[in-house]
Amino acid sequence: MMASRTQNPGIQTPENDQENQQNPVTTLATTPWRRIERLSLHLNPFSSNHYDLSHQQMKMLICAARAKKIEVKVVELSSFMRGKHRDIQEQVFDYFKSRPELQTPLEISKDEHRELCMRQLVGLVREANIRPFKYVVEDPAKYFAIAEAVGSVDMSLAIKLGVQYSLWGGSVLNLGTKKHRDKYFDGIDNMEYPGCFAMTELHHGSNVQGLQTVATFDPLTDEFIINTPNDGAIKWWIGNAAVHGKFASVFARLMLPTHDTKVVSDMGVHAFIVPIRDLRTHKLLPGVEIHDCGHKVGLNGVDNGALRFRSVRIPRDNLLNRFGDVSRDGKYTSSLPSISKRFGATLGELVGGRVVLAYSSNGVLKIAATIAIRYSLLRQQFGPPKQPEITILDYQSHQHKLMPMLASTYAFHFATLHLVDKYCEMKKTGDEESVGDVHALSAGLKAYVTSYTAKSLNICREACGGHGYAAVNRFGSLRNDHDIFQTFEGDNTVLLQQVAIDLLKQYKEKFRGGSLAVTWNYLKESMNTYLSQPNPVTSRWEGEDHLRDPKFQLDAFRYRTSRLLQSVAARLQKHSKTLGGFGAWNRCLNHLLTLAESHIESVILERFIEAVRSCPDEGSRSALKLVCDLYALDRIWNDIGTYRNVDYVAPNKAKAIHKLTEYVCFQVRNIARELVDAFDLPDYVIRAPIGLQTPGEAYSQYTQHVGF
């Protein structure tokens with residue numbers, strides 16, 4: 001096969017690159033380039049920051065990555081990848097493998113899917129004795145691992161689990177106090193109290209401060225009265241509401257009676273525990289009206305409903321009162337001085353949903369990439385005259401589709417693990433700086449990873465041709481079920497704006513001399529360097545060692561972010577004089593979104609570089625370095641116009657980046673099977689005939705499925 005591959009002009013290999021027989025890029029071997037390199041080192045010596053401490057080690061990895069094929073020990077790489085909680089994920093896999101009647105069939109009605117999804121969750125908790133709720137508090141990383149594993153069984157099940165434990169249960173734990181935990185913990189944990197998270201309304205989703213549902217305190221009866229004042233305030237898309245929910249965390253405006261002409265005082269949005277169905281008969285309680293939101297594009301195992309409340313009375317103790325309380329005589333108290341502070345603290349406690357979505361989205365991408373790459377290594381199509389057909393992954397165009405995606409999957413893996421670690425640290429310490437850091441990081445990674453995965457699912461489907469269109473090969477259900485990840489727990493466009501807002505705040509702090517949150521440290525450390533004129537010597541460097549140096553790669557990412565930040569700050573200041581703050585923001589919105597994405601890409605690359613350095617196995621480390629190079633170079637090439645516009649990259653260097661990216665793509669193709677095998681996803685989890693680990697079984701299982 002290698003013989004036929006090297007003779008095919010459509011395949012990029014070092015042997016058939018006519019422009020340069022030695023290498024896909026010009027090296028620093030010639031004397032003039034050595035002189036330029038030495039001169040440049042005098043003009044702009046490497047800094048002594050963290051990324052240069054292991055420069056010789058990284059050079060060794062670059063040399064290793066030049067080999068035609070790196071020897072990858074799948075077991076070693078998988079061990080490094082799997083993290084601390086693979087054991088509980090395997091418990092999830094083993095349980096559903098042992099209970100085939102709980103596996104979701106391809107063809108199932110909406111109502112049957114909902115009941116199956118409920119049986120799956122109850123079975124996981126009561127039969128397998130996997131109790132996710134306790135990990136929400138004790139070990140969030142283990143909870144996220146369970147959620148990822150459950151999502152590979154059925155994404156509807158993962159969302160139902162998330163609604164029950166992260167949203168409904170999480171609101172009780174994080175927004176309530178001891179009395180709420182004591183009363184509700186066991187029932188939520190053992191599924192006796194299935195519940196909902198009723199925040200979104202028909203007219204308001206992302207703008208939570210604009211919610212219209214009201215909770216008015218009645219001092220005569222010591223109760224809150226929950227009301228839906230108009231159709232726009234109907235709670236909409238509420239998971240668990242249509243069929244199974246017995247309680248709801250209802251987000252409503254807290255209204256207190258006053259003795260002046262205002263009649264009531266609006267204290268802002270708070271959360272309340274509202275019973276919606278009788279615990280014994282399961283009938284709707286008085287004043288509660290629920291309707292089914294109907295069949296959806298995906299996730300039809302989740303029973304989304306719409307709720308209206310008509311003078312529903314609840315005890316005063318049902319106010320989740322961690323950040324604000326009402327006394328028996330109707331007086332409001334809070335440790336936080338303003339509505340905006342209380343609102344920020346309330347939403348800040350709910351960032352766990354964004355963390356689990358970013359983490360789980362990459363789990364979906366792993367499944368899709370595994371199916372597409374294994375099939376592309378199996379499927380043969382065309383070839384040189386009178387020679388065997390070659391696999392479709394041997395075509396440069398196919399490598400271009402799938403190899404950068406595989407590199408991104410690895411990059412996201414390490415970035416989301418970092419996010420999980422930061423979230424766990426935040427929950428332990430409650431440190432204010434850590435809270436802000438996790439808020440921005442979770443918003444950015446959730447938006448970036450879920451958007452990328454959504455696009456990639458379609459690419460994977462197309463990469464598998466007609467067989468990718470078969471439901472049994474899962475791309476359709478994965479695509480449909482995952483699509484909403486871009487919207488719930490914060491619309492991605494809105495979340496990226498939050499990242500941009502934080503960047504601008506940090507930009508101001510930099511010039512005031514204030515302290516910066518950890519994620520933004522590079523702005524303070526090197527803003528002046530990045531915003532100076534590009535070095536005319538290094539902008540022309542095109543050597544492979546240089547282009548594969550993580551310092552060059554990370555500097556390029558950070559330079560772009562700093563440049564975007566400086567320019568958008570100047571534009572906002574200019575336009576605000578004539579358009580006002582809101583108008584200026586809208587005028588620069590696309591610029592701001594690009595800035596946020598650029599920053600998140602810098603964070604992702606930084607975490608990937610750290611993962612490469614920390615990998616103990618030499619072969620795995622070389623493989624990861626190669627994949628990291630592809631992630632970095634592909635991103636730089638995709639935005640090469642930005643770098644060319646400011647002369648950060650000269651034309652000869654841009655060409656060298658392009659050629660090296662294609663060559664590294666080819667190198668990654670040579671170890672693609674090992675890289676997807678290292679995800680350690682068993683065939684009974686993949687469940688797609690064309691994505692089976694044993695190539696010989698793929699077509700036979702596929703034909704058996706249709707009846708041969």
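Each residue, glycine too, has its Cβ placed from N, Cα and C.
Per TrEMBL, these features apply:
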type	residues	note
ACT_SITE	GLU489	active site, proton acceptor
BINDING	THR200, GLY239	FAD binding site
DOMAIN	196-312	domain 'Acyl-CoA oxidase/dehydrogenase middle'
DOMAIN	348-501	domain 'Acyl-CoA oxidase C-alpha1'
DOMAIN	549-706	domain 'Acyl-CoA oxidase C-terminal'
REGION	1-24	region 'Disordered'
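Close to the residue listed as 'active site, proton acceptor' in the fold, though at least 6 residues off in sequence, lie GLY353, ARG354, LEU357, LYS446, each with a CB less than 8 Å from its CB. Within the same chain, residues at least 6 positions away in sequence whose Cβ sits under 8 Å from that of GLY239 (FAD binding site) are ILE159, LYS160, VAL163, LEU167, CYS196, PHE197, VAL302, ASP303, ASN304. For THR200 (FAD binding site), other Cβ atoms within 10 Å of its Cβ number 19. Residue counts of the domain 'Acyl-CoA oxidase/dehydrogenase middle' (196-312) by helix, strand and coil are 6 helix, 54 strand, 57 coil (DSSP-based).
Within the model, the domain 'Acyl-CoA oxidase/dehydrogenase middle' (196-312) shows a mean pLDDT value of 94, rounded to a whole number.
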